[in-house]
Amino acid sequence: MYGSLTSWWKIVEKRPEVIREGDDMGWTPLHYVSCIGKVKEVRLLLQQDISVAYDLDKEGQSALHIAAFQGHVDVIDELVRSCPDACDIINTKGQTALHAAVIGGQVNAVKYILGTPNLEDLVNEQDISGNMALHLAALHKHYNIIYILGRDKRVDLLATNKDHMTALDIFSAHKEGGYQAAKVYHVLKGSHGMPFYQDWVIEYVKKRLDKQNVEGQPAASIITGSNIANPENIDSSKRSIIDLQLLVAVLIATVSFAAAFTMPGGYNQDGTDQGMAILVGRAAFKAFVISNTTAFGFSILALFLQFDTCFVSDRLRVRYAKVASYSMYVAILAMVLAFATATYLVLSKNTGLRIVPFVVSGCLVTTYVIGGFLDPEAPFWWLSSSPRRYVRNLLFDYGVL
(Lines of atoms letter the chains of each structure in order from A; the text may use other names.)
(Lines give C-alpha, C1' and ligand atoms only; values in the text may rest on other atoms or scores of the structure.)
Protein backbone atom coordinates (compact mmCIF):
# COMPACT_ATOMS: atom_id res chain seq x y z
CA MET A 1 0.00 0.00 0.00
CA TYR A 2 2.93 2.31 0.57
CA GLY A 3 4.53 1.63 -2.83
CA SER A 4 3.85 3.40 -6.10
CA LEU A 5 0.37 3.32 -7.57
CA THR A 6 1.58 1.53 -10.69
CA SER A 7 3.33 -1.31 -8.85
CA TRP A 8 0.51 -2.34 -6.55
CA TRP A 9 -2.09 -1.88 -9.27
CA LYS A 10 -0.26 -4.40 -11.41
CA ILE A 11 -0.65 -6.88 -8.56
CA VAL A 12 -4.39 -6.20 -8.42
CA GLU A 13 -4.73 -6.73 -12.18
CA LYS A 14 -2.96 -10.07 -11.97
CA ARG A 15 -4.79 -11.21 -8.84
CA PRO A 16 -8.16 -9.43 -8.55
CA GLU A 17 -9.14 -11.62 -5.61
CA VAL A 18 -6.47 -9.94 -3.46
CA ILE A 19 -8.79 -6.95 -3.08
CA ARG A 20 -11.09 -8.97 -0.79
CA GLU A 21 -8.35 -10.71 1.16
CA GLY A 22 -7.82 -9.59 4.75
CA ASP A 23 -4.82 -9.85 7.04
CA ASP A 24 -4.73 -11.03 10.65
CA MET A 25 -6.80 -8.00 11.70
CA GLY A 26 -9.22 -8.50 8.86
CA TRP A 27 -7.97 -5.41 7.04
CA THR A 28 -8.29 -5.43 3.26
CA PRO A 29 -6.29 -3.19 0.91
CA LEU A 30 -9.17 -0.73 1.03
CA HIS A 31 -8.84 -0.45 4.81
CA TYR A 32 -5.17 0.43 4.45
CA VAL A 33 -5.50 3.01 1.71
CA SER A 34 -8.41 4.58 3.61
CA CYS A 35 -6.28 4.73 6.73
CA ILE A 36 -3.44 6.60 5.04
CA GLY A 37 -5.74 8.81 2.98
CA LYS A 38 -4.91 7.60 -0.55
CA VAL A 39 -8.03 8.77 -2.34
CA LYS A 40 -6.83 7.74 -5.82
CA GLU A 41 -6.17 4.20 -4.67
CA VAL A 42 -9.55 4.11 -2.95
CA ARG A 43 -11.23 5.13 -6.20
CA LEU A 44 -9.42 2.47 -8.21
CA LEU A 45 -10.25 -0.30 -5.74
CA LEU A 46 -13.92 0.67 -5.77
CA GLN A 47 -13.92 0.69 -9.57
CA GLN A 48 -12.45 -2.78 -9.53
CA ASP A 49 -14.95 -4.18 -7.00
CA ILE A 50 -17.54 -1.91 -5.37
CA SER A 51 -18.51 -4.54 -2.81
CA VAL A 52 -15.14 -4.21 -1.07
CA ALA A 53 -16.51 -1.11 0.65
CA TYR A 54 -18.73 -3.39 2.74
CA ASP A 55 -15.92 -5.65 3.94
CA LEU A 56 -15.38 -5.49 7.70
CA ASP A 57 -12.37 -6.26 9.83
CA LYS A 58 -12.51 -8.41 12.96
CA GLU A 59 -13.91 -5.49 14.97
CA GLY A 60 -16.59 -4.82 12.43
CA GLN A 61 -14.85 -1.71 11.10
CA SER A 62 -15.42 -0.80 7.47
CA ALA A 63 -13.12 1.37 5.37
CA LEU A 64 -15.49 4.25 6.07
CA HIS A 65 -14.97 3.82 9.82
CA ILE A 66 -11.21 3.88 9.34
CA ALA A 67 -11.27 6.97 7.12
CA ALA A 68 -13.58 8.78 9.57
CA PHE A 69 -11.37 7.91 12.54
CA GLN A 70 -8.30 9.24 10.70
CA GLY A 71 -10.16 12.32 9.48
CA HIS A 72 -9.60 11.80 5.73
CA VAL A 73 -12.56 13.79 4.43
CA ASP A 74 -11.72 13.22 0.75
CA VAL A 75 -11.70 9.44 1.29
CA ILE A 76 -15.00 9.63 3.18
CA ASP A 77 -16.48 11.62 0.32
CA GLU A 78 -15.31 9.06 -2.25
CA LEU A 79 -16.71 6.14 -0.26
CA VAL A 80 -20.06 7.83 0.36
CA ARG A 81 -20.51 8.91 -3.26
CA SER A 82 -19.58 5.48 -4.58
CA CYS A 83 -21.49 3.51 -1.93
CA PRO A 84 -24.23 5.68 -0.39
CA ASP A 85 -25.51 2.92 1.88
CA ALA A 86 -22.04 2.25 3.32
CA CYS A 87 -22.85 4.86 5.95
CA ASP A 88 -25.32 2.38 7.49
CA ILE A 89 -22.54 -0.04 8.42
CA ILE A 90 -21.93 -0.39 12.15
CA ASN A 91 -19.08 -2.13 13.94
CA THR A 92 -19.29 -4.72 16.71
CA LYS A 93 -19.97 -1.92 19.21
CA GLY A 94 -22.87 -0.64 17.17
CA GLN A 95 -20.94 2.49 16.17
CA THR A 96 -21.27 4.37 12.90
CA ALA A 97 -18.74 6.39 10.95
CA LEU A 98 -19.79 9.48 12.92
CA HIS A 99 -18.97 7.68 16.16
CA ALA A 100 -15.57 6.81 14.71
CA ALA A 101 -14.89 10.41 13.69
CA VAL A 102 -15.80 11.63 17.17
CA ILE A 103 -13.63 9.04 18.92
CA GLY A 104 -10.75 10.06 16.69
CA GLY A 105 -11.34 13.72 17.49
CA GLN A 106 -11.65 14.60 13.81
CA VAL A 107 -13.46 17.95 13.64
CA ASN A 108 -13.42 18.21 9.84
CA ALA A 109 -14.80 14.71 9.43
CA VAL A 110 -17.62 15.49 11.84
CA LYS A 111 -18.43 18.70 9.96
CA TYR A 112 -18.49 16.81 6.66
CA ILE A 113 -20.82 14.12 7.97
CA LEU A 114 -23.20 16.68 9.47
CA GLY A 115 -23.22 18.62 6.23
CA THR A 116 -23.92 15.62 3.99
CA PRO A 117 -27.67 14.96 3.49
CA ASN A 118 -27.18 11.20 3.04
CA LEU A 119 -25.50 10.98 6.46
CA GLU A 120 -27.93 13.00 8.56
CA ASP A 121 -29.46 9.83 9.99
CA LEU A 122 -26.19 9.21 11.83
CA VAL A 123 -26.62 12.29 14.00
CA ASN A 124 -28.69 10.61 16.74
CA GLU A 125 -27.62 7.02 16.09
CA GLN A 126 -26.80 5.13 19.32
CA ASP A 127 -24.29 2.34 19.83
CA ILE A 128 -24.88 -0.77 21.95
CA SER A 129 -24.21 1.29 25.09
CA GLY A 130 -26.79 3.85 24.05
CA ASN A 131 -24.18 6.49 23.32
CA MET A 132 -24.72 8.91 20.48
CA ALA A 133 -21.84 10.77 18.90
CA LEU A 134 -22.45 13.64 21.31
CA HIS A 135 -22.13 11.31 24.30
CA LEU A 136 -18.77 10.04 23.04
CA ALA A 137 -17.56 13.57 22.40
CA ALA A 138 -18.39 14.46 26.00
CA LEU A 139 -16.76 11.26 27.25
CA HIS A 140 -13.51 11.98 25.40
CA LYS A 141 -13.65 15.73 26.16
CA HIS A 142 -13.47 16.81 22.52
CA TYR A 143 -14.58 20.38 23.16
CA ASN A 144 -14.86 21.56 19.56
CA ILE A 145 -16.86 18.52 18.50
CA ILE A 146 -19.23 18.90 21.46
CA TYR A 147 -19.76 22.52 20.47
CA ILE A 148 -20.39 21.61 16.81
CA LEU A 149 -22.84 18.81 17.65
CA GLY A 150 -24.53 20.78 20.40
CA ARG A 151 -25.29 23.68 18.07
CA ASP A 152 -26.82 21.36 15.46
CA LYS A 153 -30.61 21.53 15.88
CA ARG A 154 -30.96 17.92 14.71
CA VAL A 155 -29.03 16.59 17.69
CA ASP A 156 -31.16 15.47 20.62
CA LEU A 157 -29.47 17.02 23.65
CA LEU A 158 -31.82 15.22 26.05
CA ALA A 159 -31.07 11.74 24.71
CA THR A 160 -29.72 9.38 27.36
CA ASN A 161 -27.55 6.29 27.12
CA LYS A 162 -28.19 3.02 28.91
CA ASP A 163 -26.84 4.55 32.12
CA HIS A 164 -29.59 7.19 31.81
CA MET A 165 -26.97 9.91 31.33
CA THR A 166 -27.10 12.76 28.86
CA ALA A 167 -24.03 14.26 27.26
CA LEU A 168 -24.12 17.05 29.84
CA ASP A 169 -24.10 14.52 32.68
CA ILE A 170 -21.08 12.78 31.18
CA PHE A 171 -19.20 16.03 30.65
CA SER A 172 -20.08 17.37 34.10
CA ALA A 173 -18.45 14.32 35.66
CA HIS A 174 -15.08 15.55 34.35
CA LYS A 175 -15.36 18.68 36.52
CA GLU A 176 -13.85 20.76 33.74
CA GLY A 177 -13.57 24.54 33.87
CA GLY A 178 -12.32 27.41 31.76
CA TYR A 179 -13.24 28.93 28.44
CA GLN A 180 -13.70 25.73 26.42
CA ALA A 181 -15.80 24.17 29.16
CA ALA A 182 -17.93 27.32 29.30
CA LYS A 183 -18.82 26.88 25.63
CA VAL A 184 -19.75 23.26 26.27
CA TYR A 185 -21.96 24.10 29.24
CA HIS A 186 -23.58 26.81 27.14
CA VAL A 187 -24.61 24.55 24.25
CA LEU A 188 -25.66 21.69 26.54
CA LYS A 189 -27.44 23.83 29.12
CA GLY A 190 -30.49 22.32 30.80
CA SER A 191 -30.03 18.84 29.36
CA HIS A 192 -29.32 16.88 32.54
CA GLY A 193 -30.55 13.32 32.82
CA MET A 194 -31.98 11.14 35.58
CA PRO A 195 -28.77 10.70 37.68
CA PHE A 196 -28.43 14.46 38.09
CA TYR A 197 -31.99 14.85 39.36
CA GLN A 198 -31.65 11.81 41.59
CA ASP A 199 -28.58 13.32 43.24
CA TRP A 200 -30.39 16.65 43.56
CA VAL A 201 -33.40 15.03 45.24
CA ILE A 202 -31.20 13.04 47.63
CA GLU A 203 -29.29 16.17 48.62
CA TYR A 204 -32.48 18.18 48.99
CA VAL A 205 -34.18 15.53 51.13
CA LYS A 206 -31.08 15.20 53.28
CA LYS A 207 -31.05 18.92 53.98
CA ARG A 208 -34.75 18.93 54.77
CA LEU A 209 -34.40 16.00 57.15
CA ASP A 210 -31.45 17.57 58.92
CA LYS A 211 -33.56 20.66 59.64
CA GLN A 212 -36.26 18.66 61.44
CA ASN A 213 -34.80 18.86 64.91
CA VAL A 214 -36.36 17.40 68.03
CA GLU A 215 -35.52 17.99 71.67
CA GLY A 216 -31.90 17.24 72.34
CA GLN A 217 -30.85 15.72 69.00
CA PRO A 218 -31.81 16.11 65.35
CA ALA A 219 -34.04 13.31 64.15
CA ALA A 220 -32.11 13.00 60.94
CA SER A 221 -28.76 12.62 62.67
CA ILE A 222 -29.53 8.93 63.16
CA ILE A 223 -29.94 8.53 59.39
CA THR A 224 -27.37 10.91 58.00
CA GLY A 225 -24.91 11.07 60.85
CA SER A 226 -24.78 14.86 60.61
CA ASN A 227 -26.36 17.89 62.21
CA ILE A 228 -26.23 21.02 60.13
CA ALA A 229 -27.59 23.15 62.96
CA ASN A 230 -24.58 22.31 65.10
CA PRO A 231 -21.44 24.26 64.08
CA GLU A 232 -19.25 21.35 65.16
CA ASN A 233 -20.75 19.23 62.38
CA ILE A 234 -20.03 21.57 59.47
CA ASP A 235 -18.33 19.46 56.82
CA SER A 236 -14.60 19.80 56.42
CA SER A 237 -14.76 21.47 53.01
CA LYS A 238 -16.91 24.34 54.30
CA ARG A 239 -14.76 24.66 57.38
CA SER A 240 -11.62 24.91 55.28
CA ILE A 241 -13.22 27.69 53.21
CA ILE A 242 -14.11 29.60 56.37
CA ASP A 243 -10.57 29.16 57.72
CA LEU A 244 -9.13 30.45 54.45
CA GLN A 245 -11.42 33.49 54.46
CA LEU A 246 -10.45 34.24 58.06
CA LEU A 247 -6.77 33.99 57.19
CA VAL A 248 -7.10 36.34 54.21
CA ALA A 249 -9.23 38.80 56.19
CA VAL A 250 -6.67 38.92 59.02
CA LEU A 251 -3.84 39.39 56.52
CA ILE A 252 -5.56 42.30 54.77
CA ALA A 253 -6.55 43.92 58.08
CA THR A 254 -2.96 43.64 59.33
CA VAL A 255 -1.41 45.08 56.17
CA SER A 256 -3.90 47.95 55.89
CA PHE A 257 -3.58 48.77 59.59
CA ALA A 258 0.20 48.93 59.31
CA ALA A 259 -0.03 51.03 56.15
CA ALA A 260 -2.10 53.63 58.01
CA PHE A 261 0.87 54.41 60.28
CA THR A 262 3.60 54.18 57.63
CA MET A 263 2.25 56.75 55.22
CA PRO A 264 3.93 56.96 51.79
CA GLY A 265 6.38 59.87 51.74
CA GLY A 266 6.79 59.92 55.54
CA TYR A 267 5.93 62.65 58.08
CA ASN A 268 6.96 66.25 58.70
CA GLN A 269 9.71 66.41 61.31
CA ASP A 270 9.43 70.11 62.27
CA GLY A 271 7.23 73.17 61.94
CA THR A 272 3.55 73.58 62.63
CA ASP A 273 2.79 70.44 60.61
CA GLN A 274 5.12 68.25 62.63
CA GLY A 275 3.85 64.66 62.71
CA MET A 276 1.56 65.21 59.72
CA ALA A 277 1.95 63.31 56.44
CA ILE A 278 4.12 65.17 53.95
CA LEU A 279 1.98 64.30 50.90
CA VAL A 280 -1.38 64.95 52.55
CA GLY A 281 -2.38 67.59 50.02
CA ARG A 282 -2.02 65.40 46.92
CA ALA A 283 -4.98 63.70 45.23
CA ALA A 284 -3.15 60.36 45.03
CA PHE A 285 -2.60 60.46 48.79
CA LYS A 286 -6.31 60.95 49.38
CA ALA A 287 -7.01 58.00 47.08
CA PHE A 288 -4.54 55.93 49.10
CA VAL A 289 -6.20 56.79 52.41
CA ILE A 290 -9.69 56.02 51.07
CA SER A 291 -8.70 52.71 49.48
CA ASN A 292 -6.63 51.63 52.50
CA THR A 293 -9.48 52.48 54.88
CA THR A 294 -11.89 50.58 52.64
CA ALA A 295 -9.65 47.52 52.67
CA PHE A 296 -9.34 47.63 56.46
CA GLY A 297 -13.05 48.22 57.04
CA PHE A 298 -14.32 45.47 54.78
CA SER A 299 -11.75 42.94 56.05
CA ILE A 300 -12.87 43.65 59.63
CA LEU A 301 -16.49 43.27 58.53
CA ALA A 302 -15.66 39.88 57.00
CA LEU A 303 -14.01 38.82 60.27
CA PHE A 304 -17.06 39.78 62.33
CA LEU A 305 -19.42 37.99 59.96
CA GLN A 306 -17.35 34.80 59.96
CA PHE A 307 -17.22 34.80 63.75
CA ASP A 308 -20.99 35.28 63.92
CA THR A 309 -21.65 32.25 61.68
CA CYS A 310 -20.85 30.05 64.67
CA PHE A 311 -23.74 31.42 66.71
CA VAL A 312 -26.62 32.02 64.31
CA SER A 313 -29.24 29.88 62.58
CA ASP A 314 -28.69 28.04 59.33
CA ARG A 315 -30.40 30.68 57.22
CA LEU A 316 -28.41 33.53 58.75
CA ARG A 317 -25.21 31.50 58.55
CA VAL A 318 -25.53 31.21 54.77
CA ARG A 319 -26.36 34.90 54.46
CA TYR A 320 -23.46 35.97 56.69
CA ALA A 321 -21.00 33.78 54.83
CA LYS A 322 -22.12 35.20 51.49
CA VAL A 323 -21.81 38.81 52.66
CA ALA A 324 -18.39 37.99 54.14
CA SER A 325 -17.27 36.69 50.74
CA TYR A 326 -18.45 39.88 49.04
CA SER A 327 -16.61 41.92 51.66
CA MET A 328 -13.42 40.00 50.98
CA TYR A 329 -13.54 40.80 47.27
CA VAL A 330 -14.02 44.50 48.01
CA ALA A 331 -11.18 44.45 50.55
CA ILE A 332 -8.80 42.75 48.14
CA LEU A 333 -9.56 45.21 45.33
CA ALA A 334 -9.16 48.15 47.73
CA MET A 335 -5.82 46.78 48.94
CA VAL A 336 -4.58 46.49 45.36
CA LEU A 337 -5.64 50.09 44.69
CA ALA A 338 -3.95 51.27 47.89
CA PHE A 339 -0.71 49.60 46.83
CA ALA A 340 -0.86 51.18 43.37
CA THR A 341 -1.57 54.70 44.69
CA ALA A 342 1.17 54.45 47.36
CA THR A 343 3.69 53.40 44.75
CA TYR A 344 2.52 56.22 42.49
CA LEU A 345 3.17 58.75 45.28
CA VAL A 346 6.72 57.73 46.11
CA LEU A 347 7.70 57.50 42.41
CA SER A 348 6.20 60.82 41.36
CA LYS A 349 9.38 61.99 39.63
CA ASN A 350 9.47 58.97 37.33
CA THR A 351 6.36 59.25 35.16
CA GLY A 352 6.85 55.97 33.30
CA LEU A 353 7.61 53.86 36.34
CA ARG A 354 4.85 55.19 38.59
CA ILE A 355 2.07 53.98 36.28
CA VAL A 356 3.42 50.42 36.17
CA PRO A 357 1.55 49.33 39.35
CA PHE A 358 -1.73 50.59 37.88
CA VAL A 359 -1.14 48.81 34.57
CA VAL A 360 -0.07 45.51 36.14
CA SER A 361 -2.83 45.54 38.76
CA GLY A 362 -5.41 46.47 36.15
CA CYS A 363 -4.33 43.64 33.87
CA LEU A 364 -4.44 41.09 36.67
CA VAL A 365 -7.88 42.16 37.87
CA THR A 366 -9.20 42.27 34.30
CA THR A 367 -7.85 38.78 33.61
CA TYR A 368 -9.49 37.52 36.79
CA VAL A 369 -12.86 39.04 35.89
CA ILE A 370 -12.74 37.78 32.30
CA GLY A 371 -11.84 34.30 33.54
CA GLY A 372 -14.86 34.34 35.83
CA PHE A 373 -17.02 35.67 33.02
CA LEU A 374 -16.14 32.69 30.86
CA ASP A 375 -16.35 30.13 33.66
CA PRO A 376 -19.90 28.70 33.75
CA GLU A 377 -19.57 27.81 37.43
CA ALA A 378 -18.16 31.13 38.60
CA PRO A 379 -19.29 31.66 42.21
CA PHE A 380 -18.81 35.42 42.17
CA TRP A 381 -21.90 37.49 42.72
CA TRP A 382 -21.20 40.03 39.98
CA LEU A 383 -20.37 37.29 37.47
CA SER A 384 -23.22 34.87 38.11
CA SER A 385 -26.02 37.37 37.52
CA SER A 386 -28.53 37.10 34.70
CA PRO A 387 -27.03 39.99 32.65
CA ARG A 388 -23.65 38.30 32.72
CA ARG A 389 -25.13 35.01 31.50
CA TYR A 390 -27.15 36.80 28.83
CA VAL A 391 -24.15 38.69 27.45
CA ARG A 392 -21.91 35.62 27.47
CA ASN A 393 -24.54 33.43 25.81
CA LEU A 394 -25.16 36.11 23.19
CA LEU A 395 -21.45 36.23 22.36
CA PHE A 396 -21.34 32.44 22.13
CA ASP A 397 -24.42 32.29 19.89
CA TYR A 398 -22.89 34.69 17.37
CA GLY A 399 -19.50 32.99 17.46
CA VAL A 400 -17.68 35.99 18.94
CA LEU A 401 -16.26 33.80 21.71
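Including glycine, each Cβ sits where the backbone N, Cα and C put it.
Predicted, not measured: the structure shown is a model, and the values here were computed from it.
The following features are taken from TrEMBL:
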- 243-346: domain 'PGG' (DOMAIN)
- 59-81: repeat 'ANK' (REPEAT)
- 93-114: repeat 'ANK' (REPEAT)
- 244-263: transmembrane segment (TRANSMEM)
- 283-305: transmembrane segment (TRANSMEM)
- 326-347: transmembrane segment (TRANSMEM)
- 353-374: transmembrane segment (TRANSMEM)
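Listed by sequence, the residues of this chain that lie at least six past the ends of the repeat 'ANK' (59-81) yet keep a Cβ under 8 A from its Cβ atoms are 26, 28, 30-31, 33-39, 42-43, 46, 52-53, 87, 89-93, 95, 97-98, 100-101, 103-104, 106-109, 112-113, 116, 118-119.
Here the repeat 'ANK' (59-81) is broken down by DSSP into helix, strand and coil counts: 17 helix, 0 strand, 6 coil. Sorting each residue of the repeat 'ANK' (93-114) by its DSSP state yields 15 helix, 0 strand, 7 coil.
Long-range Cβ contacts of the repeat 'ANK' (93-114) within its own chain (Cβ-Cβ under 8 Å, at least 6 residues beyond either end) map to 59-62, 64-73, 76-77, 87, 120, 122-123, 125-129, 131, 133, 136-137, 140, 142, 144-145, 148-149, 152.
Cβ atoms under 8 Å from those of the transmembrane segment (283-305) belong to residues 245-246, 248-250, 252-253, 255-257, 259-260, 263-265, 277, 320-321, 323-325, 327-328, 330-332, 334-335, 337-338, 341-342, 344-345, 348 of the same chain, restricted to positions at least 6 beyond its ends.
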